[in-house]
Each structure stands twice: as structure tokens, then as C-alpha cells.
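According to TrEMBL, the domain 'UCH catalytic' annotation covers 1-222. Annotation source TrEMBL lists site 'Transition state stabilizer' at Gln75. Per TrEMBL, the feature active site, nucleophile maps to Cys81. Summarising the annotation, TrEMBL assigns active site, proton donor to His158. Here TrEMBL flags Asp173 as site 'Important for enzyme activity'.
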Amino acid sequence: MAYSPGVFTQLISDLGAKDIQVEELYAIDKDLISQYDPIYGVIFLFKWGKEHGEQSAQGGTLDENASTSLWFAHQTIQNACGTQAILSILLNNPGIELGEKLDGFKDFTREFPPEIRGDALTNSEVFARVHNSFARVEPWEEEERKPKEGEEGEAPYHFIAYVPVDGTLFELDGLKPAPVNHGPVAGSSSAEFADALIPVLERRISTFASTSIEFSLLALTKDLRLSPFATEETRMEEEEKRKRWAREQELRQHSFLPLVMGLVKEVVKRRVAEGKSFVQEDVMEQ
């Protein structure tokens, strides 16, 4: 699944939530974050490493009581952490119109402990169908996993959510046993959310290796076309953005492998007909 603002915006819409848009934040900057109001939460994408283990609270406090007062689920499969991060924001914001599917799932899992909520998410046909509809078309797919202890390997990407709930900033990471409490948020504005969020993100990023700059920050906000401050020009730009997102999604879901294989076969047939030997490098140059 390609993780981009366009994909996440459409995924949220397909799950039934109303008037939500995802925007990428290109800097951890208060002025930039404050442009989006309201902000329902942010998704932080980074390369997972052993320093981000289950018990690491990154300056916060593991809050067992919040495991049931919030909607928090343990992650039981690795290739759906993006969808789970989205749900961690949607299902903890009473101001979001969730729609029938999400409302029903939230009610159904309300009394479950985190591990059973994770199982319910994993076994939901609705979430699987929506999630898989955004999967890239690939001839081979290697299962994403964390390298075992002592094993070398490319670290996988992981998604976590930061959400303001009842005046507290929570980090919701399905690989941790409980939500992480990062302290108070002074108010409900995006600027006040930024004041609480930025030190937490800076502290987390400081733990990354100096060569690791691969992380992204995505904000869930209200559909920008519905903003009372949106001009006609802004609305037109947003409509064009959605058309571009739709074209990009069509390309992601189209497999070009048959075309490539057909071209390779034609090159090989031509070289054989000409009495030339088959050399892979020669074919690729064609």
C-alpha cells in the first residue's frame, strides 16, 4: 500500500468518515502546523529499530488506564499499521462524523482489551477490503517484518499516531503495551497542539541514527474545501489536487509487468531471428 496524503484521504472516505483530509507536513514547525485547524491528530512514519521497542516511552509514560478509556489496539499484523494509525485518530475524536461502518466497529470493540481489539481489526472483512483496494499491484510481495534479534536486515517502516484527547497528548503505537501519555495540551487549537507535539517529535527524532532522515508527518484535518476561509481559488486547487490523487492511484493499481515482459519477449525473438546470441545486458539495452 502506498502511503501518501491522497491514499489516506481516500481510504478514510471509503471507511465512511466524513469531510476528513490528510496533508503532509514538510517541517516540524508551529506556523506550518497551525495552518490546519482543526487538527484531529498526526501520523508519524519512521523506520522501526530496536531503540523503539515495546517498553520505550520516549520521554512519556505508559498509561495502562488509557488502554480502555481510549480506543487503543495492539497491532497483530505488520502490513496494516498505516490503517491502524488512522483508526487511532478517527475513533478517538468525538468531533468526527465516523459513518455507519466505523461507528459500528467502535461500539462492537468498546469493551474489548487492546489485544482483542487488534484481533477484531485483523479479522474485519470491511477493513481488509478497503485496505487491500489500495495495495500496489506487484508480481511478488515480500512480507514486511522486523529483523529478528541478531539478524541484519532493512528495517521496516512503522506508523504511530499522536492524538489530543481530553487535554492530554497521547501516542498510540500498536506495538506498545499501552498508550503513551506525553502530558497536557493547553487548549483545543492547532497551535496549542503544536506546542505539545513538537518537543515530543524532536525528542523522538533525536534517537534516530545520524544517517537516518527517513520519516514523514501526516496531519488529519477537515476537508480544506469546507473551510470558511477557503477562497474560490483554494477550492479549485483542492479539486485539482483530488484529480491528481485519483490519477496517481490508477497508476499504482495498474500492473506494467505484462507490457514489460511482452517487450522483452519481442526483443529476444528478434535477436534469435537475426541469428544473434542472447545476452541479458544486450536485451536490456534494447
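Cβ coordinates come from backbone N, Cα and C, glycine included.
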Local confidence of the prediction over the domain 'UCH catalytic' (1-222), expressed as mean pLDDT: 86
Surrounding CB atoms that lie within 10 Å of the CB of Asp173 (site 'Important for enzyme activity'), all protein chains: 28
Cβ-Cβ neighbours of Cys81 (active site, nucleophile) (radius 10 Å): 24
Nearest-integer angstrom distance between the alpha carbons (Cα) of His158 (active site, proton donor) and Gln75 (site 'Transition state stabilizer'): 11
Structural state of the residue listed as 'active site, nucleophile', classified by DSSP into three states: helix
Asp173 (site 'Important for enzyme activity') and Cys81 (active site, nucleophile), Cα-Cα, nearest whole angstrom: 9
Count of other CB atoms lying within 10 Å of the CB belonging to His158 (active site, proton donor): 22
Alpha-carbon spacing, Asp173 (site 'Important for enzyme activity') to Gln75 (site 'Transition state stabilizer'), which is rounded to whole Å: 8
